[in-house]
Amino acid sequence: MKIAVLLSGGVDSSYSAYSLKEQGHELVGVYLKLHASEKKHDLYIKNAQKACEFLGIPLEVLDFQKDFKSTVYDEFISAYEEGQTPNPCTLCNPLMKFGLALDHALKLGCEKIATGHYARVKEIDKVSYIQEALDKTKDQSYFLYALEHEVIAKLVFPLGDLLKKDIKPLALNAMPFLGTLETYKESQEICFVEKSYIDTLKKHVEVEKEGVVKNLQGEIIGTHKGYMQYTIGKRKGFSIKGALEPHFVVGIDAKKNELIVGKKEDLATHSLKAKNKSLMKDFKSGEYFIKARYRSVPTKAFVSLKDEMIEVGFKESFYGVAKGQALVVYKDDILLGGGVIV
């Protein structure tokens, strides 16, 4: 089978290509230029070239920087301006990696596209679903919630049945040169964020604009440094007059540049809503597992789909719901779909 392999210049994607080559597939290596950091691209393209030379496969470099900026990067900035907490990876995957890059792969005559994601694909009743990775500590299925089933059918995740701790030894044994590759120390999972998301926002918008902090009764009780510097649940970085106990951000009013704070129990909710992006129209209401943040434990909840809104009800208190984050619905370890929390 002819497969396009997305190479990032790192160990995981290189080993993904190696394992597919060992299985006898015809491969085309593909590097995507997404964020606007040529210095990083130069280094990672060299790394990807080394992997391709070792495997004896061609490498294509696709420049999607303009598309990435308009559909992912600018949306990231806009969401923070609106007081939301966005997750750009959930946009990038369907639009860039498994959108534009998949389209290009199909034009090259490839049947499928592979990446180093920690996830799996499972076919149920002739429909392809994303399944959680074997290694639950590294599972990335959450970021893939917006993919259509027709797209999922064309995906290959060679690392899905492996444990992260085992991959580096396997990769170095198979491709010894990987141990000598230079990489950048990534500060977090967002590829275009150098130090912190605030530093990225500062390049485009005014983030250091002092405003007031109010309690749940609407009384002014302190000040903050600028609403974009805070996310739901944060308890530091703002001043409260005479505070004797911790206060947490429970709301953000972007238009007024105000924070609303309360006690930890004020972060609790028993329901939430999300604008549907990928749950199928015939979704049956019932008890499912949901995740409202990437690094959160799946929580059992009652989920229903009404028109374009996913409605979720919890038996017990659920904490730290932030507008703009992805709500993802699972049946056991099978991802059914999700939406954006409103």
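Cβ coordinates are placed from backbone N, Cα and C, and glycine is handled just like the others.
Just so it is clear, the model here is predicted, and its values are computed rather than measured.
Residues Leu6, Leu7, Ser8, Gly9, Gly10, Val11, Asp12, Ser13, Leu32 are recorded by Swiss-Prot as ATP binders, and the candidate that the same record lists for that site, out of Gly116, Gly160, Gly179, is Gly116. DSSP assigns His117 (site 'Interaction with tRNA') to coil, not to a helix or a strand. The shortest Cα-Cα distance from Asp12 (ATP binding site) to any of the recorded positions (Cys92, Cys191, Gln325) is found for Cys191. Spatially, by CA atoms, the recorded positions Cys92, His117, Cys191, Gln325 include one closest to Leu6 (ATP binding site), and that is His117. Here the recorded positions are Ser8, Gln325, and the one whose Cβ sees the fewest other Cβ atoms within 10 Å is Ser8.
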